[in-house]
Every structure is written in C-alpha cells, then in structure tokens.
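First up is the structure itself, then whatever we jot down about it.
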Amino acid sequence: MEDTYIDSLDPEKLLQCPYDKNHQIRACRFPYHLIKCRKNHPDVANKLATCPFNARHQVPRAEISHHISSCDDKSCIEQDVVNQTRNLGQETLAESTWQCPPCDEDWDKDLWEQTSTPFVWGTASFCGNNSPANNIVMEHKSNLASGMRVPKSLPYVLPWKNNGNAQ
C-alpha cells in the first residue's frame, strides 16, 4: 500500500491520457495535459465525468457513482471533514471586550468656531493679522518669461498624438 502511495507522488511517472490512449504524460504535467486534451477531444470529454475528490480522475459517466464510492482520495476528504467537526465542537469564540473610545471631536462645531478664512485658489490672501504692515498680497509666480503666458486651453489635436502621420 505504501509503495503505491509513493509511486502516485512520483512526478516522473507516466500516466495514460483518458482522452487519447496513445498519450503517455508525466504526472507533473498531467493536469495541464487534461485541460488541453479535453478541448481537443470534446466528443470523448462529453462521455467522461470528473471525480469530485481528484480532478485527475476522468471516469465514464455511467461509472461515476461507483468510482465516488470507491475513490482512494475520498478518505483524505472524509478525514478532513471529521477533523473539522471535532474542532467545531471544541472551538469557542471568545467574546470581544473592545469598546469604542469616547469621541471628543465635533467637526461641525470646529467649522463654526474657525476664525481664519478658508483657502480659495485664485483669490488674494493676506498674511498674519490685519495690520497694514502685514497686508501684503502674495502674487502668483510663474517660470515663464515676461512676454509669455500659459495657454488657457489645450489644442484640439495634440502634435504628438497624430496617429502615426509624419509631418
């Protein structure tokens, strides 16, 4: 029994393709081959069913119920189910004692108490308090030469997006 288990794990073992009996595929490539061969042989694929315990098992549809009852891989799944049901009874979830901390913030109140004027792009802003010495308007700085200006809109056709037409 142990020899067959070790033999089934050998990645170099040759397996016969269920779709084309002439195909001998290494075990490590078998799942990929099954997908490819299933597409190439749809007539044979319609006659075969896939084992729910091991997708490598392709069995004639008439024999699938017998295969399910006697599949070697079923024992692994059943053992997992048994272990999960045992652990479910033993496992008790601890109640969380976390509580939300009290909230000291009131954003609406802070908004009404705000004394500074909000920033608005494109309007003059004054620095500091309202003394005449501090009423200096911050001017917009530009890196362009004095005679140039920034375009107000983009051109409809961008020169670098001319769809490959050479100019």
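Glycine too: its Cβ is placed from the backbone N, Cα and C atoms.
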Swiss-Prot annotation of zinc finger - which of the ranges 48-75, 76-103 it falls on: 48-75
When distances run from the Cα of Cys37 (Zn(2+) 1 binding site) to each of the binding-site residues Cys51, His57, His67, Cys71, the nearest one: His57
CB contacts for His57 (Zn(2+) 2 binding site) [other CB atoms within 10 A, all chains]: 18
DSSP residue counts for the zinc finger (14-41), split into helix, strand and coil: 14 helix, 6 strand, 8 coil
